[in-house]
Every structure is written in C-alpha cells, then in structure tokens.
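What Swiss-Prot says about this protein:
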type: DOMAIN; residues: 2-107; note: domain 'Thioredoxin'
type: DISULFID; residues: Cys32-Cys35; note: disulfide bond
Amino acid sequence: MSVAAAVTDATFKQEVLESSIPVLVDFWAPWCGPCRMVAPVVDEIAQQYSDQVKVVKVNTDENPSVASQYGIRSIPTLMIFKDGQRVDTVVGAVPKTTLANTLDKHL
C-alpha cells in the first residue's frame, strides 16, 4: 500500500494546486519499470516529510489531461508544486538523496 495518495484529473486542482503546503507529484504508470523502482523511495519521502510536504501520485494512463498539461513525456517524472506553481522537476528513477535534496530547496 502506497503512502502517497492517488490524484486524478478531477482532483488535481484541489489536491495539488490549492494545497497550503508544498506537494510532490509522482507521475507514473503501472507498466513502467523505473516507476516501480522509484515508488518505495517516494513512499519513504512521504513518511520522512509527512509534516512538511504532501506526496501524491498521478497514473498517467488513467489521467492523461494532467500529464499532457504539464508536458509529461518520460516517466517517472516527479514535480514539486508550491503555492499552485510548479517549482521543480526531477525526471527518472533517482536516489532518495537526490529527491530529498531537491525537495529541501523548496521548504
């Protein structure tokens, strides 16, 4: 069971853009090997930063509108949103330290 909540095209605005705290969005798909590799890292980040950051996942197969809106061409893509704006992007399966360092810049 993932620690990160699933977000859809319908709930993206409310859950991500209108969030009062920074949001880490994991764009993924079930068939994507690297996505499965980075999933435990995303869950660890969600637990480690639970009081500072909201972590959500968007299945790009089921929610193509949001993926298209943000120009997702490769997955996994992890985006950080703050005050309704995208402030950073990490593409690919990256180590936890890389993701944590990127996140720390925006807290």
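For all residues, glycine too, the Cβ spot is worked out from N, Cα and C.
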Greatest C-beta neighbour count within 10 angstroms, which of the disulfide-bonded residues Cys32, Cys35: Cys35
Confidence summary (mean pLDDT) of the domain 'Thioredoxin' (2-107): 96
Within the domain 'Thioredoxin' (2-107), residues counted as helix, strand or coil by DSSP: 37 helix, 27 strand, 42 coil
